[in-house]
Amino acid sequence: MISVKRNTWRALSLVIGDCRKKGNFEYCQDRTEKHSTMPDSPVDVKTQSRLTPPTMPPPPTTQGAPRTSSFTPTTLTNGTSHSPTALNGAPSPPNGFSNGPSSSSSSSLANQQLPPACGARQLSKLKRFLTTLQQFGNDISPEIGERVRTLVLGLVNSTLTIEEFHSKLQEATNFPLRPFVIPFLKANLPLLQRELLHCARLAKQNPAQYLAQHEQLLLDASTTSPVDSSELLLDVNENGKRRTPDRTKENGFDREPLHSEHPSKRPCTISPGQRYSPNNGLSYQPNGLPHPTPPPPQHYRLDDMAIAHHYRDSYRHPSHRDLRDRNRPMGLHGTRQEEMIDHRLTDREWAEEWKHLDHLLNCIMDMVEKTRRSLTVLRRCQEADREELNYWIRRYSDAEDLKKGGGSSSSHSRQQSPVNPDPVALDAHREFLHRPASGYVPEEIWKKAEEAVNEVKRQAMTELQKAVSEAERKAHDMITTERAKMERTVAEAKRQAAEDALAVINQQEDSSESCWNCGRKASETCSGCNTARYCGSFCQHKDWEKHHHICGQTLQAQQQGDTPAVSSSVTPNSGAGSPMDTPPAATPRSTTPGTPSTIETTPR
């Protein structure tokens, strides 16, 4: 009994020591309750420093930032299974921080976490998507391609948010993206950023510097196939790859019997990025022996992806697309993007493609039109230069002819003078004049063209002068006609006004029944003189200021006229005439109102 207890304690001490060496002391300390460590715990630092050779300094360990080491020791949940490891070098959260509570069964963990193959596939899709965007911008124009490349680098460097990237990309290309682009970037961009951060830390640079130096690994079409999703990791050190220690060897005999049923699941928990992490130097197993040389990375990645997909998703049948991607030869990876794009274009996308092509054709037509205009301007400038050159050549020729027509003696003396170089210059100029310049039209054709142009100008000026004179004549005639009409209208208006005034005056003078104030029909008579007639008392009062001066005088004149009339009737033999022949002393305002008064007073 004592020996059994001693053997048990010896075994437990060995297990605890082994766990301390391997950094999994939590697993040994608490086998029955749920326990997990954060990726940036000191245990990770210890394990990383122990597993990394002395030639490669470990990446900086900051408690605030997440760990990006290629190997993160994962703890056990009830000692049954590992939490999924990093995707392409980016650690995934342990089981204690997953979406739901961890369970003791491996199937629940498979449902909660994403398989490494799926993560590698999504990362490859993201790289292929960014490369396609950059190529699409280059197809439009080099300037737009440069802008798209800057936007992609800013998105990966986290200097641009996904929404800003989406809006600026649409503004640069004038081409709307699909609706699933923003969710796709939000879901898969952190994988690429963690991978970039990991590679930058290994290279002792910040992500912006590393991406600026290794930009071709992100935007090169040859590195965006699914099997080459971790080419960014391969660029740091091609011969310094190490393998994460096998989980069965790492945890030893402490595995519970539940996992003995599926031993093939052990390699599937290691992502392709962890198998070939970019660490310098050789890697060592927990027993201190170096790992054997691994086979080519692509072969391992394909096997890992296929096995992980088969065992983790065994409850669902693989889709036709997955089988096609898995069984496609590696030589056809360059044409995979074109085939997928050709087969996945919808009617709306075809309409957008045609719209884009129409826009490109319109741009080409505009460029052709601008080029044609530029050539026309250049041709006109060349013609103007030729005309000016011919003009000066003709003037110089005329001047030379005049000089030649001068004195022959002076020319003879100049020819005999050895100092004067004029004959040589004249010969050179004569040779220049008679030698036709290459590309220039003969002078006769230019003269005819000038004469034709001048004739056209003269005809145009003549026609213009005729048109101007005709327009002036028509305008003058129109002004004269309108002026005559206006004068006739004014004269007619004046004549009509004069006739109306005379008619009114004559009507007032001829009417004996009209009012002396307003000219209407009179109904009353002035009681003072019985001569003035008014239409009413109002008009009589209005006219009294004028009428009272003559009202009494008229009455006195009538009384004085009555007295001689009576005396003449007594002495009929006197020489005085009849009272009808004697004019009154004072005449009324008008002769018409005085007539009835005379008629009325005569019988008296």
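Backbone N, Cα and C define each Cβ position, glycine as well.
Annotated region 'Disordered' per Swiss-Prot: 32-114 (among others), in sequence order.
Per Swiss-Prot, the feature phosphoserine maps to Ser41 (among others); the stated evidence is a large-scale study or a structure entry.
If you look up Swiss-Prot, you'll see 95-114 (among others) marked as compositional bias 'Low complexity'.
Annotation comment: Swiss-Prot describes 230-298 (among others) as region 'Disordered'.
The compositional bias 'Basic and acidic residues' feature in Swiss-Prot is assigned to 238-264.
In the predicted model, the region 'Nervy homology region 2 (NHR2)' (337-383) shows an average pLDDT of 82. Look at Swiss-Prot and you will find 337-383 tagged as region 'Nervy homology region 2 (NHR2)'.
For 337-383, the entry in Swiss-Prot reads region 'Important for oligomerization'.
Taken from Swiss-Prot, the feature region 'Disordered' applies to 401-423 (among others).
According to Swiss-Prot, the phosphoserine annotation covers Ser417 (among others).
For the region 'Nervy homology region 3 (NHR3)' (443-492), residue counts in helix, strand and coil come to 50 helix, 0 strand, 0 coil, using DSSP. The region 'Nervy homology region 3 (NHR3)' annotation in Swiss-Prot covers 443-492 and is backed by an author's statement.
The Zn(2+) 1 binding site annotation in Swiss-Prot covers Cys515, Cys518, Cys535, Cys539. Mapped onto three states, the DSSP output places Cys515 (Zn(2+) 1 binding site) in coil.
The annotation Zn(2+) 2 binding site is assigned in Swiss-Prot to Cys526, Cys529, His547, Cys551. Classification of Cys526 (Zn(2+) 2 binding site) by DSSP places it in coil, neither helical nor stranded.
As annotated by Swiss-Prot, region 'Disordered' applies to 557-604 (among others).
The compositional bias 'Low complexity' annotation in Swiss-Prot covers 587-604 (among others).
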For Cys518 (Zn(2+) 1 binding site) and Cys529 (Zn(2+) 2 binding site), what Cα-Cα distance in Å is obtained after rounding to a whole number?
19
Can you give me the same-chain residues 6 or more apart in sequence from Cys551 (Zn(2+) 2 binding site) with a CB-CB distance under 8 Å?
Cys526, Gly528, Cys529, Ala532
Between His547 (Zn(2+) 2 binding site) and Cys515 (Zn(2+) 1 binding site), what C-alpha distance do you get in Å?
13
Which of the three DSSP states, helix, strand or coil, fits Cys535 (Zn(2+) 1 binding site)?
coil
Neighbour tally for Cys539 (Zn(2+) 1 binding site), based on other Cβ positions within 10 Å of its Cβ:
20
When you tally the Cβ atoms that lie within 10 Å of each candidate's Cβ, which of the binding-site residues (Cys518, Cys535) has the highest tally?
Cys535
Can you tell me whether DSSP puts His547 (Zn(2+) 2 binding site) in helix, strand or coil?
helix
